[in-house]
Amino acid sequence: MAASASAAAGEEDWVLPSEVEVLESIYLDELQVIKGNGRTSPWEIYITLHPATAEDQDSQYVCFTLVLQVPAEYPHEVPQISIRNPRGLSDEQIHTILQVLGHVAKAGLGTAMLYELIEKGKEILTDNNIPHGQCVICLYGFQEKEAFTKTPCYHYFHCHCLARYIQHMEQELKAQGQEQEQERQHATTKQKAVGVQCPVCREPLVYDLASLKAAPEPQQPMELYQPSAESLRQQEERKRLYQRQQERGGIIDLEAERNRYFISLQQPPAPAEPESAVDVSKGSQPPSTLAAELSTSPAVQSTLPPPLPVATQHICEKIPGTRSNQQRLGETQKAMLDPPKPSRGPWRQPERRHPKGGECHAPKGTRDTQELPPPEGPLKEPMDLKPEPHSQGVEGPPQEKGPGSWQGPPPRRTRDCVRWERSKGRTPGSSYPRLPRGQGAYRPGTRRESLGLESKDGS
């Protein structure tokens, strides 16, 4: 009973409830109080402070919410002070306000100090009723004689900057409204049109565009840049480095790289003559002269491909009068100009050699070989089957020459039935008489020996 009586007497002596009632009668709805459980938990007092501008809200550019946590030992203990939702104040200003309010609280220990703390906060805001920071549109600070405005959400802009922003947003909203007109007509629920919003917090803006446009444009101070000695030294060093890299090809020219594959059609290139083209006037020359000119021409030698390992071609003398000289000349030119092609079949023509003395060696293992008829008269000397190099229209095997007189690849072998015409004296069923075995020029066991003798003689 005695403890409860002492607690009741202590609560009656506590000055906080009576002080809160006085504050509520002064600030009315601006003050919010969260009462604790007697003296066991602290009370919390919230109040939003503005500069004293004779209730002219348009001239109030700064504000903050003051929070006081009153302990149970109040007034013999200082309340905990904090600031929430500051507008137009820098961090340094907020820190200064907290320090000033702390000094006031310590000076009023043992007495009612809540009213003094609230009024001191208002006084500081009145003295600093200039927004601190930058215009978020132009990113420049506010000067004393510049025309700026404050939104209901306590964000600050130059009047000229805000007018330009509002005009731009109205044009965008108009364009979006035209695009979404059909969607709004078919929509079941009508969406409320959204006006111009604050560029910081997206709250709807209330503005007078005419008055904002009439405001003068803010004059920003022009700061002349003066490089220091260190910056000038660095510029010279980078300039020398750039020149050195450019001389060594380390700098990529974007314009040159962009136009590397650009083809201009204003100046057409000169028509290039085909390298494989042969003058028509050379057609009247004999094949030997034409072959010599083609072999000595550097253009033809550079364009012709390297010779391929093809089988040696053997061309026998044809019966004179079978073809005209003009056709032979055309075939000679075609064989010299066309590159050699490998054989399409799986087999390759075996290499044949014509040894000296007129002996003709046939490949081993061939059964259906055609032998030449015996001569009518006695054979006085061996007949050389090699054609003359300057015979008209006759193609011979390529002759081996020095390394500096290469005449191109050997002519391509063409399977032309016209070149191997049947003689007029032969009939479809006739054949050449065969020689007895062992009496011909062919010796089965002497092929390798004859080849070895040729290599030793160097012929």
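Every residue, even glycine, has its Cβ placed from backbone N, Cα and C.
Record check of SER231, SER423, SER431, SER450 in Swiss-Prot: the feature phosphoserine is attached to SER450.
Spacing of CYS153 (Zn(2+) 2 binding site) relative to CYS138 (Zn(2+) 1 binding site) is 19 Å (Cα to Cα, whole number). Here the CA atom of HIS155 (Zn(2+) 2 binding site) lies 9 Å from the CA atom of CYS135 (Zn(2+) 1 binding site). HIS158 (Zn(2+) 1 binding site) sits 13 Å from CYS198 (Zn(2+) 2 binding site), taking the C-alpha atoms as the reference points. Annotation for CYS138 (Zn(2+) 1 binding site): spatial neighbours HIS158, CYS161, PRO218, criterion Cβ-Cβ under 8 Å with sequence separation of six or more. There are 10 other CB atoms within 10 A of the CB of CYS201 (Zn(2+) 2 binding site), with all protein chains counted. Look at the binding-site residues CYS135, CYS153, CYS161, CYS198 and count other Cβ atoms within 10 Å of each Cβ; CYS153 has the fewest. Under DSSP, residues within the zinc finger (135-202) fall into helix, strand and coil as 27 helix, 8 strand, 33 coil. For the binding-site residues shown (HIS155, HIS158), fewest C-beta neighbours within 10 angstroms: HIS155.
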